[in-house]
Amino acid sequence: MKFTKMHGLGNSYIYVDLFKETLEEEQLARLAVEVADKNKGIGSDGMILVCPSNVAPVKMRVFNNDGSEAKNCGNGLRCVAKFAYEHGYVKDQTFQIETLGGLVTATVHTEGERVHTVTVNMGKPRLTRESLPMLGPSTDKIVAEPFEVAETKLELTAVSMGNPHGVFFVEDINQAPVDTLGPIIEKDERFPEWVNVEFVEVVSELELHFRVWERGSGITQACGTGACAAVVASILNGHSNKGESVTVHLLGGDLEIEWTESGDVLMTGAAEVICEGVFERK
Ligand SMILES: N[C@H](CCC[C@H](N)C(=O)O)C(=O)O
């Protein structure tokens, strides 16, 4: 099976081009675990399929390294946009991409024919408890809600970007309990479909520090949908402002995120190819 390994700020996936390759649906979860394995496979945070679509030039499917399928992936979308443009599946520099979480619009920024940076309009965040989903009384949004876990009192702000995010603000990002509380919150029973867990330190209204424990993948260098959720949460908590581009510092680099006055979330960042190859299926 031919693949391309790509990353967005160190959040790497094994990309398989289903315009050319054929995979069986029932094999996808196991294949994602196999290719992501750093010892017996290629090594990545998961697998992303670049698929034909009936409603857009291209469709993205995302599998975490535990084999679970997610409805969206910000770093993945930038790499899919780069892949589709450089492989000639799209001619314009702005085009739609279908995800399980809905349609998004990507714009590739190029030097010659090479895409170096991509802006994705991620659409509107979903804020209701049901949209996450999260158990509990129906609410229009969850902002700084008391959230006790493992005898620790936290405040939860919850945002869906098509996939679920629990955002917690901390005083010092270097003390954030990512590897201790991350895995516990990820699978907390209050989140029936589990949750991506983000810890954020506010530097200023235009600058955030960010760490993530991803649902289905654990600690990653970056999470694009998580960075979008962090900026939305920062604005909901009065730390940042709509209509201003916020720089989010992730372990693997920076993303520029804006929650516009019209309500859409714009994400801009790098997308890079690491290598191409052939994976010998078991
Ligand atoms: N772990 C996520 C999918 C990958 C998202 C992340 N890598 C990004 O860049 O948005 C989930 O299960 O919802």
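Using N, Cα and C of the backbone, Cβ positions are placed for all residues, glycine too.
Curation does not apply to TrEMBL; its annotations are automatic.
Now, the feature entries from TrEMBL:
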{"type": "ACT_SITE", "residues": "C73", "note": "active site"}
{"type": "ACT_SITE", "residues": "C73", "note": "active site, proton donor"}
{"type": "ACT_SITE", "residues": "C223", "note": "active site, proton acceptor"}
{"type": "BINDING", "residues": "N11, N64, G74, N75, N163, N196, E214, R215, G224, T225", "note": "substrate binding site"}
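Note on proximity: of the binding-site residues N11, E214, G224, the one nearest the residue listed as 'active site' is G224, by Cα distance. Every protein chain considered, the tally of other Cβ atoms within 10 Å of the Cβ of G74 (substrate binding site) stands at 29.
Under the three-state DSSP scheme, E214 (substrate binding site) falls in the strand class. Classification of G74 (substrate binding site) by DSSP places it within a helix. Neighbouring residues of the recorded substrate site, listed in sequence order and excluding N11, N64, G74, N75, N163, N196, E214, R215, G224, T225, comprise V62, A70, N72, C73, G76, V212, S217, T220, C223, G226 (Cβ within 8 Å of the Cβ centroid). C223 (active site, proton acceptor) is 8 Å away from E214 (substrate binding site) when you measure Cα to Cα. Rounded to a whole value, the Cα-Cα separation of G74 (substrate binding site) and the residue listed as 'active site, proton acceptor' is 7 Å.
Under the three-state DSSP scheme, G224 (substrate binding site) falls in the helix class. Taking the Cβ of C73 (active site) as centre and 10 Å as the limit, one finds 30 other Cβ atoms among all the protein chains shown. DSSP assigns N11 (substrate binding site) to a strand in the three-state reduction. Other Cβ atoms within 10 Å of the Cβ of E214 (substrate binding site) number 28 in total over all chains.
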